[in-house]
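Participant: This structure is in structure tokens; I'll ask about it shortly.
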Amino acid sequence: MKLVFLGPPGSGKGTIAKILSGKLNYYHISTGDLFRANISNATPLGKEIKQIVENGQLVPDSITIKIVEDKINTLANKDNFILDGFPRNINQAKALDTFLQNIQIINFLLDEAILIKRLSGRRICQSCGGIFNIYTLPTKEKGICDLCKGSLYQRKDDVEESLKIRLQEYHLQTKPLIDFYSKNNRLNNINASKDIDGVEKSLIEIISKY
């Protein structure tokens, strides 16, 4: 099944995608990971993306669509994957429909107060990319990854000033996707304020219907 995860930054999309990709053998495609890989490799697109992200802005549709479509085309199994962070707006959603069919949308619903707490507490492993949270998913040892013992860091766009910009962009561009996908009965809502096990259980129940 082809899944798209929708929801504001910090709603747990990435964490749940990583968990289910292991349990259900789905490939997890994160636009954030794709962007960071290009930045790390200092590709021409990566240099452009780096400056855009550091300014707290969203990467242009033309770049995002190309990176995602190219990645999907490299997959051996194009029927079982999770898209995390794409599409972000109607233009991207329409572009996605031109090269993918039979997509189910998972919409993560979360109270904004909980959202801010999650975002400010998020920590990421510098070595393996593992995602933790000092409030909701703390590591056994402070600042150290449970998976590989790498050091944890806080992303620049998880600090308050960048958070405000990201949430504004979400409300302006991403939320209309809910209406877009509701019209053709592809939208499945999940209460993302539950703990990780609860969200995972809800998602598996949805997947089992299709």
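Cβ coordinates are placed from backbone N, Cα and C, and glycine is handled just like the others.
Since this is a predicted model, take the numbers as computed values, not measurements.
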Participant: Please identify the range among 30-59, 90-119 that Swiss-Prot labels region 'NMP'.
Facilitator: 30-59
Participant: Among Arg123, Arg155, indicate the single residue that Swiss-Prot lists for the AMP site containing Thr31, Arg36, Gln57, Leu58, Val59, Gly85, Phe86, Pro87, Arg88, Gln92, Arg166.
Facilitator: Arg155
Participant: Looking only at C-alpha atoms, tell me how far Phe132 (ATP binding site) is from Cys145 (Zn(2+) binding site), rounded to the nearest Å.
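Facilitator: Computed Cα spacing between Phe132 (ATP binding site) and Cys145 (Zn(2+) binding site) is 8 Å.
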Participant: Select one residue from Gly12, Gly14: among these binding-site residues, choose the one with the most other Cβ atoms within 10 Å of its Cβ.
Facilitator: Gly12
Participant: Which residues, same chain and not among Cys125, Cys128, Cys145, Cys148, have a CB within 8 angstroms of the centroid of the CB atoms at the recorded Zn(2+) site?
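Facilitator: Apart from the listed residues, the neighbours are Gln126, Ser127, Gly129, Gly130, Asp146, Leu147, Lys149, Gly150.
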Participant: Consider the binding-site residues Gly14, Thr31, Val59, Arg88 and say which one has the Cα lying nearest the Cα of Cys148 (Zn(2+) binding site).
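Facilitator: Among Gly14, Thr31, Val59, Arg88, Gly14.
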Participant: Arg155 (AMP binding site): which of the binding-site residues Gly12, Gly14, Cys125 is the nearest Cα neighbour?
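Facilitator: Checking each of Gly12, Gly14, Cys125 against Arg155 (AMP binding site), the shortest Cα distance is to Cys125.
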